[in-house]
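So that you can see what the record holds, here are the features copied from TrEMBL:
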ACT_SITE  Asp72  active site, nucleophile
ACT_SITE  Asp74  active site, proton donor
BINDING   Asp72, Asp415  Mg(2+) binding site
BINDING   Asp74  GMP binding site
Amino acid sequence: MDLHRERKKGIARTNVRFLTIKFYTKMDKKKIKQSVSLMERSAKEPSERDAFQRVFVNRSVYLEKIRFYGFDMDYTLAMYRSPDYEELLYRRILDRMIFMGYPEQLRNFNYDPTFAIRGLWFDQKYGNLLKVDGFGNILVGVHGLHFLKPAEIKSMYPGKFLAMNVDPDRVVIMNSLFNMADTYALATLIDYFDNKSEYKRKDDRTGVQSGNITIPYKSIAQDTHSAVSYVHQDNESTLKDYVLKNIQKYIIKDPRITILLRQLQKHGARTFLLTNSSYSYTNNESTLKDYVLKNIQKYIIKDPRITILLRQLQKHGARTFLLTNSSYSYTNGVMKYLIGDDWTSYFDVTFVDAKKPLWFAQGTALRQVDPVTGTPKLGIHHGPATKGQVFAGGNSDVLRNMFMAQGKNVMYIGDHLFGDVLKSKKTKVVPELGQEISIWVDRHAHFEKLVSLSKEMEELYSQLGVESEISCKPDIQTNLKQIREITQEMDQSYSKMGSLFRSGSRTTFFATQVERFADLYSSSCYNLIYYPQFYFFRAAMTLMPHESTVDHISRNMQSKALSCMFMKNFSLIFGFFKLF
């Protein structure tokens, strides 16, 4: 699928090549086994490589020149099962918000996996989720669970446009798979307060009010962010968390506790518990990550291709490193499940608690981790690293100094586009590319119909000149109606918010980021298995609109530009659509 190309001057890029991963989170065991069995055949038949196993190219990359491969863990090597993991995360977020003072009714909410997509903007001023294109033009708007009509969007956003750079604090970009749960949490919370009888939406539409109490949508967003941060944090270093993990060692279980309390209640006395401890400690509630590790088969997919990929890279002389924001204990638990006790041998070095995107800039102090205790050693590490060592913190300069790595010789593979790829940038890229491809294939007839309608309108207008009378204006209302109907039907095939990459003929903000910042992209990091280590990923030639109209262009170039011209016909649809 061609993505909308937009170049911007002044964009600072690192010299590192990147493979940004888009995931089809519903991959099952059968699909994984099929992928493994097809490895040899795919290598022998590169021209017939399955679309789900392909790596797509934005900018050319010569694999033979890549000497260092870096991997993120979450949603890259370790794929979470969807929607099980999102449901768990959604429930934990709401539980935390109830603890923060939000109503108990939130416990009755259920997660809807068909609602959100990645790449949405959340407007903290009006409390709207917005699907926008690469320039800030609004394609779809949702307030709570209510999909906004075009007139409603225009009343809040003149020209159906929102400039993020004018007020960057106003917009929160929801790009990660980790954001799926909090995106829906925001939508359900706003919907709850908007429809609660005791609350009334403010006249300026920035929040709700009940008497002297005002709840701005921005405060709901801030509270949600606070809850999400709390849920994701690692509490392993705290005394109380350590006690909970070793509770039998440190706390005496006295059977007389129930006898005493029941005896008091039996004689009509009322009892209460008063403690300075948190609810999670009092209730012996494990952290999200502890819970995932205890139920790891339910929440993380074990893909046998992980060892095949890592050994294949090492066999050809490449060095590998793991870079994750997760703690050592969580990383160790996940990687042991995916690979085994010897997982560190598959990497030349591992960085945990990386604090990305800070790691790509100044970073933090580099400390070696003791694999026995899981704690960082005292002092700051200097000098080279031996194979399999684990470090906490550090930065990209540390990696370069350890291995004398040069920018263009390094490929970092991750799901977090801005955090992983662009140092301090913060937009993430993690779409379900497999689903997009499937629907694109299934709905190809719809796209052909859109192109046909576009050509009809183009032909009607192509005969008109500057002296044409108004009476000659073509009647294209029937075409426009059909375009709207087909576009709506296509969008609904993907999800309630439509495709991650486009809405009708227009590509999304998310799609623009994929093309602008990722050299390569694929549905899985394991798709590198199906390419030889000397493979040349060559970016296809594309034509600008004025170039596609040149009559003397060679037939060979016309053939290469066919897909690009197909998409340019697509853009005509939007051009006519905007006029009406």
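Glycine is no exception: its Cβ is also placed from the backbone N, Cα and C atoms.
Using a 10 Å Cβ-Cβ cutoff, the residue listed as 'active site, nucleophile' registers 24 neighbours. For Asp415 (Mg(2+) binding site), the number of other Cβ atoms no farther than 10 Å from its own Cβ, over all displayed protein chains, is 26. In the three-state DSSP reading, Asp72 (active site, nucleophile) counts as coil.
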